[in-house]
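K.L.:
Handing you a structure now.
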Amino acid sequence: MSPKQEEYEVERIVDEKLDRNGAVKLYRIRWLNYSSRSDTWEPPENLSGCSAVLAEWKRRKRRLKGSNSDSDSPHHASNPHPNSRQKHQHQTSKSVPRSQRFSRELNVKKENKKVFSSQTTKRQSRKQSTALTTNDTSIILDDSLHTNSKKLGKTRNEVKEESQKRELVSNSIKEATSPKTSSILTKPRNPSKLDSYTHLSFYEKRELFRKKLREIEGPEVTLVNEVDDEPCPSLDFQFISQYRLTQGVIPPDPNFQSGCNCSSLGGCDLNNPSRCECLDDLDEPTHFAYDAQGRVRADTGAVIYECNSFCSCSMECPNRVVQRGRTLPLEIFKTKEKGWGVRSLRFAPAGTFITCYLGEVITSAEAAKRDKNYDDDGITYLFDLDMFDDASEYTVDAQNYGDVSRFFNHSCSPNIAIYSAVRNHGFRTIYDLAFFAIKDIQPLEELTFDYAGAKDFSPVQSQKSQQNRISKLRRQCKCGSANCRGWLFG
């Protein structure tokens with residue numbers, strides 16, 4: 001017998017959105033014992049068992065319409081007939097800056113579309129219905145109705161009469177939603193797990209995401225969308241500056257670490273690689289991974305050995321390129337067919353370090369669980385840390401936490417590749433996944449890598465290349481390159 005699922009009660013409907021024909025397409029639900037930040041937009045079909053809630057909302061609208069027909073009423077519906085809304089926007093745009101008018105117009109366009117947000121669409125496609133409980137439901141009219149009655153010039157008797165009506169409505173609804181008369185609704189859904197940003201406007205969502213970008217370390221990362229009216233990628237995504245170790249992941253043991261004794265002033269001597277103990281894992285270290293400009297050499301294998309905190313050299317050492325971080329300003333932008341992508345705002349010569357692939361470091365067991373869920377969605381952000389052991393202990397998951405690299409798209413003809421950068425030489429289960437340019441990249445050129453692993457980016461064939469976990473689903477490739485394979489993971 002499965003455990004009983006926790007249910008959540010609807011307190012009231014607080015708003016609605018109409019389609020172009022004036023029909024209701026979404027209701028904004030206030031959940032009992034939850035704040036307005038947990039409000040969710042639900043389609044009418046999800047309220048099939050909440051006739052009392054709908055009836056009260058309709059009564060409230062009629063009452064407000066009768067008491068104040070002026071469109072400036074504080075309780076005027078958020079999405080009136082499209083024509084009237086657009087007219088209102090036109091009237092107010094004269095005193096609003098151009099940038100804000102543009103964001104408002106996009107917001108109006110978005111609200112008038114007969115589709116949900118991306119997250120809502122996914123929930124509907126998977127046929128997950130909202131938990132709307134009618135047992136002992138309390139319908140509480142908005143307190144602002146009482147306050148607003150004073151603004152409308154109502155007498156004390158009228159206010160008292162409204163209070164009595166509210167009590168009568170509440171009692172009648174409790175009776176109507178008793179177990180004897182309530183219908184059985186669809187399976188419950190936890191409001192706290194839903195998109196908590198649906199109440200924000202286009203402008204607010206975009207600015208909130210840009211605020212996240214401003215907090216990223218290093219050169220600026222900007223956001224632009226010249227394709228459609230999606231304000232930004234998911235606001236639930238959190239940017240991090242280093243790996244986020246999860247339960248069961250063992251961090252490197254400092255007792256097993258060692259470093260080199262290279263110069264503390266100029267750092268390692270690029271012309272004398274045999275002196276640096278950090279390269280001892282190479283059979284015959286003939287050169288460092290980097291040249292004098294800090295670019296990865298064309299003859300470098302898939303693994304880069306950098307210095308670490310136990311070395312005598314400083315952070316300015318020429319063998320600490322990845323550790324010094326990103327030097328290129330980047331831009332997250334909306335592509336026409338591939339969702340969000342990333343491009344460089346400056347010219348990047350071949351060999352330039354771009355950034356690292358970050359995320360949660362999870363165990364192989366946890367990765368297996370998540371991999372199944374991600375395959376259901378048709379997408380995965382998992383990278384196995386298996387460069388030194390095919391049976392990898394850990395995997396990097398950038399689904400919810402990560403770097404700008406999380407938005408890198410695939411290409412069958414990529415301009416960047418991923419290297420395994422090791423600096424904890426006695427501990428190879430966790431290492432950096434570092435992106436470098438493998439050809440000259442022009443300003444505003446999209447940064448792409450081969451999701452299946454670039455087999456030929458290095459002339460050194462004795463080492464395998466790092467690749468992300470292969471999805472079980474074949475997906476059509478939209479990279480558009482001349483040598484496109486046609487399918488991802490196929």
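Just so you know, glycine gets a Cβ as well, placed from its N, Cα and C.
Remember, predicted model here, so these are calculated numbers, not experimental data.
Copied straight from Swiss-Prot:
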BINDING   CYS260, CYS262, CYS268, CYS276  Zn(2+) 1 binding site
BINDING   CYS268, CYS307, CYS313, CYS317  Zn(2+) 3 binding site
BINDING   LYS338, GLY339, TRP340, TYR381, ARG406, PHE407, PHE408, ASN409, HIS410, CYS477, LYS478  S-adenosyl-L-methionine binding site
BINDING   CYS412, CYS477, CYS479, CYS484  Zn(2+) 4 binding site
COMPBIAS  115-133  compositional bias 'Polar residues'
COMPBIAS  169-185  compositional bias 'Polar residues'
MOD_RES   LYS127  N6-methyllysine
MOD_RES   LYS127  N6,N6,N6-trimethyllysine
MOD_RES   LYS455  N6-methyllysine
MOD_RES   LYS455  N6,N6,N6-trimethyllysine
MOD_RES   LYS455  N6,N6-dimethyllysine
MOD_RES   LYS464  N6-methyllysine
K.L.:
Identify, among the binding-site residues CYS262, CYS307, CYS412, the residue whose Cβ has the fewest other Cβ atoms within 10 Å in this structure.
P.N.:
CYS412
K.L.:
Taking Cα atoms as reference points, which of the binding-site residues CYS477, LYS478, CYS479 is nearest to CYS313 (Zn(2+) 3 binding site)?
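P.N.:
Smallest Cα separation from CYS313 (Zn(2+) 3 binding site) among CYS477, LYS478, CYS479: CYS479.
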K.L.:
Out of CYS260, CYS268, CYS317, CYS477, CYS484, which of these binding-site residues is nearest LYS338 (S-adenosyl-L-methionine binding site) by C-alpha distance?
P.N.:
CYS477
K.L.:
Express the distance between the Cα positions of PHE408 (S-adenosyl-L-methionine binding site) and CYS484 (Zn(2+) 4 binding site) as a whole number of Å.
P.N.:
17
K.L.:
Using the CB centroid of CYS268, CYS307, CYS313, CYS317 as the Zn(2+) 3 site centre, which other residues of the same chain sit with their CB within 8 A?
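P.N.:
Close Cβ neighbours, site residues excluded: CYS260, CYS262, SER263, GLY267, CYS276, CYS278, CYS311, SER312, SER314, PRO318, ASN319, ARG320.
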K.L.:
Quick check for the class: what is the C-alpha distance, in angstrom and rounded, between TRP340 (S-adenosyl-L-methionine binding site) and CYS317 (Zn(2+) 3 binding site)?
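P.N.:
So the Cα of CYS317 (Zn(2+) 3 binding site) lies 35 Å away from that of TRP340 (S-adenosyl-L-methionine binding site).
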K.L.:
Cβ within 8 Å of the Zn(2+) 1 site centroid (CYS260, CYS262, CYS268, CYS276 excluded): which residues?
P.N.:
ASN261, SER263, GLY267, ASP269, ARG275, GLU277, CYS278, LEU279, CYS307, CYS311, SER312, CYS313, CYS317, ASN319
K.L.:
At the level of the C-alpha atoms, what whole-angstrom distance separates CYS412 (Zn(2+) 4 binding site) and CYS260 (Zn(2+) 1 binding site)?
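P.N.:
Cα-Cα distance, CYS412 (Zn(2+) 4 binding site) to CYS260 (Zn(2+) 1 binding site): 39 Å.
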K.L.:
Within 10 Å of the Cβ of LYS338 (S-adenosyl-L-methionine binding site), how many other Cβ atoms are there?
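P.N.:
Counting Cβ neighbours of LYS338 (S-adenosyl-L-methionine binding site) within 10 Å gives 17.
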K.L.:
Within 10 Å of CYS307 (Zn(2+) 3 binding site) by C-alpha distance: pick out those among the binding-site residues ARG406, HIS410, CYS477, CYS479, CYS484, and say none if nothing qualifies.
P.N.:
none
K.L.:
Rank aside, I only need the closest one: which of the binding-site residues CYS317, HIS410, LYS478, CYS479 has its C-alpha nearest to that of CYS260 (Zn(2+) 1 binding site)?
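P.N.:
With Cα distances computed to CYS260 (Zn(2+) 1 binding site), the winner among CYS317, HIS410, LYS478, CYS479 is CYS317.
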K.L.:
Cα within 10 Å of CYS317 (Zn(2+) 3 binding site) is the criterion; apply it to the binding-site residues CYS268, CYS276, ARG406, CYS479 and give the hits in sequence order.
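P.N.:
Among CYS268, CYS276, ARG406, CYS479, the ones whose Cα sits within 10 Å of that of CYS317 (Zn(2+) 3 binding site) are CYS268.
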K.L.:
What subset of the binding-site residues CYS262, CYS268, CYS276, ARG406, HIS410 lies within 10 angstroms of CYS479 (Zn(2+) 4 binding site), using C-alpha positions?
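P.N.:
Within 10 Å Cα-Cα: HIS410.
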K.L.:
Would you mind checking how many other C-beta atoms are within 10 angstroms of the C-beta on LYS478 (S-adenosyl-L-methionine binding site)?
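P.N.:
I count 15 other Cβ atoms within 10 Å of it.
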